[in-house]
Amino acid sequence: MSSPAEYYKSLPPISKAYGTLCFFTTVLVQLQILHPLFLYLDYPLVFKKFEIWRLLTSFFFLAPFSMKFGIRLLMIARYGVMLEKGAFDKRTADFLWMMIFGAISLLVLSIIPLFNSFFLGIPMVSMLLYVWSRENPNAQINIYGLVQLRSFYLPWAMLLLDVIFGSSLMPGLLGIMVGHLYYFFAVLHPLATGKSYLKTPKWVHKIVARFRIGMQANSPVRPPANGNSGSGVFRGRSYRLNQ
């Protein structure tokens, strides 16, 4: 059995970075070093007082230390990691672009009063879960040792559990909506028409190449020649889901 340090080192880069940021943001809030009032999304504060960090920090606070926080962090560690190691194996730039597309979509939808959310971490995790469930629709999932179901239905089951435990329905539903929006334009529409409107931009490939984050097969951008190609920020090993 690998040690916690070895397990952490083996994680793919984007899921590792996002999960780490979510964990330490919650730790800082729990220690009262950070206050949630400085993190939540508030467009009047963003545009009138130029508190632009809120466009990012709203994605990193999942919940106070609780079962709800633990479940969401485990979803990143399990389903986000399996998605990045499986369907997005050797496609770090594509995975990063999915996260960026999801973040932008959530920020835009949050302008609409019906979809307004102060914290977008739970919608982002729900988006990852939805995309994973579409890529692996027939996997068997056991929920709390009580219910077994196909993974295709897992996002909806988690939505139902949110309602049962008294949480708001909207954050999870918002994540599912954005996840389907991504999956439609990235997978379903290209399969049906042969045309892709959600191709990973070259600047995302440049970020991955410049900072040597993970790996991108057939990248249009070459990484810098200097230094050891095995090093990098949040660099992890890649695995296939069906190994």
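Backbone N, Cα and C atoms are what each Cβ position is placed from, and that goes for glycine too.
Fair warning: this is a prediction, and the values are worked out from it, not measured in the lab.
Swiss-Prot lists 1-20 (among others) with the feature topological domain 'Cytoplasmic'.
Annotated transmembrane segment per Swiss-Prot: 21-41 (among others), in sequence order, evidence recorded as sequence analysis.
What Swiss-Prot lists as topological domain 'Lumenal' is 42-55 (among others). Packing against the topological domain 'Lumenal' (42-55) from elsewhere in the chain are residues 107, 110-111, 118: each is 6 or more residues past its ends and has a CB under 8 Å from a CB in it.
Sequence annotations record features per position, and here Swiss-Prot assigns transmembrane segment to 56-76 (among others). Within its own chain, the transmembrane segment (56-76) has Cβ neighbours under 8 Å at 15, 18-19, 21-23, 25-26, 29-30, 36, 38-41, 103, 106, 117-122, 124-125, 128-129, 165, 167, counting only residues six or more beyond its boundaries.
Per DSSP, the secondary structure of the topological domain 'Cytoplasmic' (77-94) breaks down as 12 helix, 1 strand, 5 coil. What Swiss-Prot records for 77-94 (among others) is topological domain 'Cytoplasmic'.
Among the features that Swiss-Prot reports, transmembrane segment is placed at 95-115 (among others), with the record citing sequence analysis. Same-chain neighbours of the transmembrane segment (95-115): 12, 14, 18, 41, 43, 55, 59, 83-84, 88, 123-124, 127, 131, 170, 174-175, 177-179, 181-182, 186, 198, 200-201, 204, 207-208, 213-214, counting only residues six or more beyond its ends whose CB sits under 8 Å from a CB of the stretch.
The feature topological domain 'Lumenal' is assigned by Swiss-Prot to 116-157 (among others), with sequence analysis given as support. Here the topological domain 'Lumenal' (116-157) has a mean pLDDT of 92 out of 100.
Taken from Swiss-Prot, the feature transmembrane segment covers 158-178 (among others).
Taken from Swiss-Prot, the feature topological domain 'Cytoplasmic' applies to 179-243 (among others), supported by sequence analysis.
According to Swiss-Prot, the region 'Disordered' annotation covers 219-243.
With DSSP classes pooled into helix, strand and coil, the tally for the topological domain 'Lumenal' (42-55) is 8 helix, 0 strand, 6 coil. Below 8 angstroms of C-beta separation, residues 18, 22, 36, 39-42, 58-63, 72, 75-76, 79-80, 82-83, 86-87, 98-99, 102-103, 106-107, 110, 170-176, 178-180, 182-183, 187, 241 of the same chain, each at least six residues beyond the ends of the topological domain 'Lumenal' (116-157), sit close to that stretch.
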